[in-house]
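Asker: Sharing a structure here in structure tokens format.
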């Protein structure tokens, strides 16, 4: 693979995460305007965004098999066509059914693109470099999550219709589409070059189960925590502005942590540092949940920084459980994480209703403790060390 080709594929991976980050995180900014547009209460409008999450979940799950049937370049180019249709549907339709369909299509496109982006990084880089590259790729999710809400705020403040926010997000996919030209993608399944060597049936091992449970519990814990921090902070007498600042500080610290750990991870065994970070995150979340408002700002900054590398390291370790990176395995771990996203309000909503926001935060804390236990148990069964040794010879 030429260096320029590798750079193009790496940028496609970066932008695939930016696309998903923009679509998921911008929801809160535009929901009120979309509710007004359809003359609906915000509470019932929020349910239609489940179509976006469902599209992401289904496409990540199915793409484990689709990757071996449909070439990656074809998928990305077809995704561009779907993106244009979805944004056009948002712009020219006043039907709630068509809006929900367009949201589902956006979810499908983003899920397919993100799973391809993740697979490309696991295919092109090995060992500890894979972990640091995946972490840097994941930082584009947070970066888009900071940039696009600002773009949305600017457009909405200037009385520009909400659907132009999605047109701006579509420009990210235009860049991905342009990068596919003159770019060679790894061939998979029936398109892969034929070899005389017998195909080994891949055995995943129990380590994949531990990592999948950790991925689900981590995302469910993280989103369950950050979704209810504002309500919890307001209950302690903080202003809405200060409560919002806590969330902003978390994501800012999270992004800085990703950049820092993309360098730091190269010097450590991934399973050991993952166990340490998961333990630290559980402790820091407990400090936040039981501390005074005066200490909240510092504990949430520390939590954002030290938890930033956990999810990506889980995916990296998953990809290292087999000799050759398996798209099915990587997508399985990603799917478990996405299920965590889908379950966020299903799990935390009733808890808040019965016991208040702090109960939801303590539940999230318990989920982080489960992540620590899974990472610790992984140390006894993980195959990443033997596969790293094989690839380094």
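Glycine too: its Cβ is placed from the backbone N, Cα and C atoms.
I grabbed these lines from Swiss-Prot:
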- 11-31: transmembrane segment (TRANSMEM)
- 51-71: transmembrane segment (TRANSMEM)
- 78-98: transmembrane segment (TRANSMEM)
- 101-121: transmembrane segment (TRANSMEM)
- 140-160: transmembrane segment (TRANSMEM)
- 162-182: transmembrane segment (TRANSMEM)
- 206-226: transmembrane segment (TRANSMEM)
- 245-265: transmembrane segment (TRANSMEM)
- 273-293: transmembrane segment (TRANSMEM)
- 297-317: transmembrane segment (TRANSMEM)
- 332-352: transmembrane segment (TRANSMEM)
- 361-381: transmembrane segment (TRANSMEM)
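Help me see these features in their spatial surroundings.
Answerer: Same-chain residues lying 6 or more positions outside the transmembrane segment (51-71) and placing a CB less than 8 Å from one of its CB atoms are 20, 23-24, 27, 100-101, 103-112, 114-116, 119, 185, 187-191, 327-328, 330-332, 334-335, 338-339, 341-342.
When Cβ-Cβ distances below 8 Å are used as the criterion, the transmembrane segment (78-98) is approached by residues 38, 40, 48, 105-106, 108-109, 112-113, 163, 166-167, 170, 173-174, 176-177 of the same chain, each at least six residues removed from its ends.
Long-range neighbours of the transmembrane segment (140-160) within the same chain, counting only residues 6 or more positions beyond its ends whose Cβ lies under 8 Å from a Cβ of the stretch, are 14-15, 17-22, 24-26, 28-30, 33, 168-169, 172, 251-252, 254-255, 258.
Same-chain residues lying 6+ beyond the ends of the transmembrane segment (206-226) with a Cβ under 8 Å from its Cβ atoms: 247, 250, 278, 285, 307, 310-311, 314-315, 317-318, 321, 329, 332-334, 336-341, 343-344, 347-348, 360-361, 363-368, 370-371, 374-375, 377-378, 381-383.
Non-local neighbours of the transmembrane segment (245-265) in the same chain are 128, 131-133, 135-136, 138-139, 142-143, 145-146, 226, 229-230, 233, 238, 273, 296-297, 300-309, 312-313; each lies 6+ residues outside the stretch with a CB under 8 Å from one of its CB atoms.
Same-chain neighbours of the transmembrane segment (297-317): 118, 122, 130-131, 134-135, 137-138, 207, 211, 214-215, 218-219, 222, 229, 245-246, 249-258, 260-261, 265, 270-271, 273-274, 277-278, 280-281, 284-285, 287-288, 291, 330, 333-334, 337, 371, 378, 382, 384, counting only residues six or more beyond its ends whose CB sits under 8 Å from a CB of the stretch.
Sequence-distant contacts of the transmembrane segment (332-352) (same chain, six or more residues past either end, CB-CB distance under 8 Å): 24, 50, 53-54, 56-57, 60-61, 64, 111, 114-115, 118, 208, 211-213, 215-221, 223-224, 227-228, 231, 311, 314-315, 318, 359-360, 363-364.
For the transmembrane segment (361-381), same-chain residues at least 6 beyond its ends with a Cβ under 8 Å from one of its own Cβ atoms are 205-207, 210-211, 213-214, 217-218, 220-222, 224-225, 228-229, 232, 271-272, 274-275, 278-279, 281-282, 285-286, 288-289, 310, 317, 347-348, 351.
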Asker: Sort out the residues at least 6 away from either end of the transmembrane segment (162-182), same chain, that have Cβ-Cβ distances under 8 Å to it, and list them.
Answerer: 8, 11-12, 15-16, 18-19, 22-23, 26, 29-30, 33-34, 37, 73, 76-77, 79-80, 83-84, 86-87, 90-91, 106, 109, 113, 144, 148, 151-152, 155-156
